[in-house]
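Per Swiss-Prot, these features apply:
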DISULFID  Cys110-Cys187  disulfide bond
CARBOHYD  Asn2  N-linked glycosylation site
CARBOHYD  Asn15  N-linked glycosylation site
MOD_RES   Lys296  N6-(retinylidene)lysine
MOD_RES   Thr336  phosphothreonine
MOD_RES   Thr340  phosphothreonine
MOD_RES   Thr342  phosphothreonine
REGION    330-348  region 'Interaction with SAG'
Amino acid sequence: MNGTEGPNFYVPFSNITGVVRSPFEQPQYYLAEPWQFSMLAAYMFLLIVLGFPINFLTLYVTVQHKKLRTPLNYILLNLAVADLFMVFGGFTTTLYTSLHGYFVFGPTGCNLEGFFATLGGEIGLWSLVVLAIERYVVVCKPMSNFRFGENHAIMGVAFTWVMALACAAPPLVGWSRYIPEGMQCSCGIDYYTLKPEVNNESFVIYMFVVHFTIPMIVIFFCYGQLVFTVKEAAAQQQESATTQKAEKEVTRMVIIMVIFFLICWLPYASVAMYIFTHQGSNFGPIFMTLPAFFAKTASIYNPIIYIMMNKQFRNCMLTSLCCGKNPLGDDEASATASKTETSQVAPA
């Protein structure tokens, strides 16, 4: 084995020279230079500075403006809430531990940090699944008279939390475990060991199949059908130009969210699967640290995409920030089709 396994950790460094210490007790500067830990802390500080205001602003603007409280926006707000969980439950912890060079909060703190990071990521993934299904039902109309309403949105939000908890909670109760990963300053699922005492192998397989592969299949199926339907409707002119444009804009926004999710999380998932299927292979702490920390950027890209691609929300945000006055004037604010309201478009 090219790493050192302890009772509640796995350090990707051989202990032949006897330098390996518990990541809960002493700085891990034998894994990387102190300045590299400082860089991680600076990166986490940047994510906190960007992630908290932009996600809080998303919630605040939606609460302040009643016209933004549409069923589709419930799912988008769910993403903002999940991102705030990651900021407060994960990023602040990782910032502090990176400054100290090891996970100073012990195994209990590791469980909490790993839980919040996993919970936030899974809520994001399952929210994209719900959005994909919503787009499929609204645009493709497999049920001709179906309208995506408030009750459906609430059920969708509840579903994302149930599925996310089904992934994030088991390591807290004995099925797998959370351990420090990479440079030992943040925690995640144990992909490094089989750990039969906690049935680690079965949990990792369950997680990759149920909480990554199946959601991806659903998302790609829905958008494959959706692209075909949009092209067909455009060719046959089955709906008004305004409706088609609104549907396309919402669909484009959600597809971009999916693409950014894959950009953020696919490297982490790929490296985790490689480590799990090549246990005992030689890899350094940076190998897992970079994708793990890069995945954390997911907390800021969704609200940015939402603000940039949703004209109605952008105008409401400017109105809130400018004390009730929109500096762009009333013309843009009264633009016809709101992208977040297209989930209520009746079937043609």
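If you go along the chain as it appears here, the first residue is 1 and each next one adds 1.
Cβ coordinates come from backbone N, Cα and C, glycine included.
For Cys110 (disulfide bond), the nearest neighbour among the listed recorded positions (Asn2, Asn15, Lys296), judged by C-alpha distance, is Lys296. All protein chains considered, the CB of Lys296 (N6-(retinylidene)lysine) has 23 other CB atoms within 10 Å.
Here Lys296 (N6-(retinylidene)lysine) is positioned 30 angstrom away from Asn15 (N-linked glycosylation site), judged by their C-alpha atoms. In this structure, Cys187 (disulfide bond) is part of a beta strand by DSSP.
Take the CB of Asn15 (N-linked glycosylation site) and look out to 10 A: across all protein chains shown you find 14 other CB atoms. Just so you know, the Cβ of Cys187 (disulfide bond) picks up 33 other Cβ atoms within 10 Å once every protein chain is counted. Its Cβ placed at the centre, Asn2 (N-linked glycosylation site) has 12 other Cβ atoms within 10 Å. DSSP classifies Cys110 (disulfide bond) as helix under the three-state reduction. Mean pLDDT for the region 'Interaction with SAG' (330-348) in this predicted model: 41.
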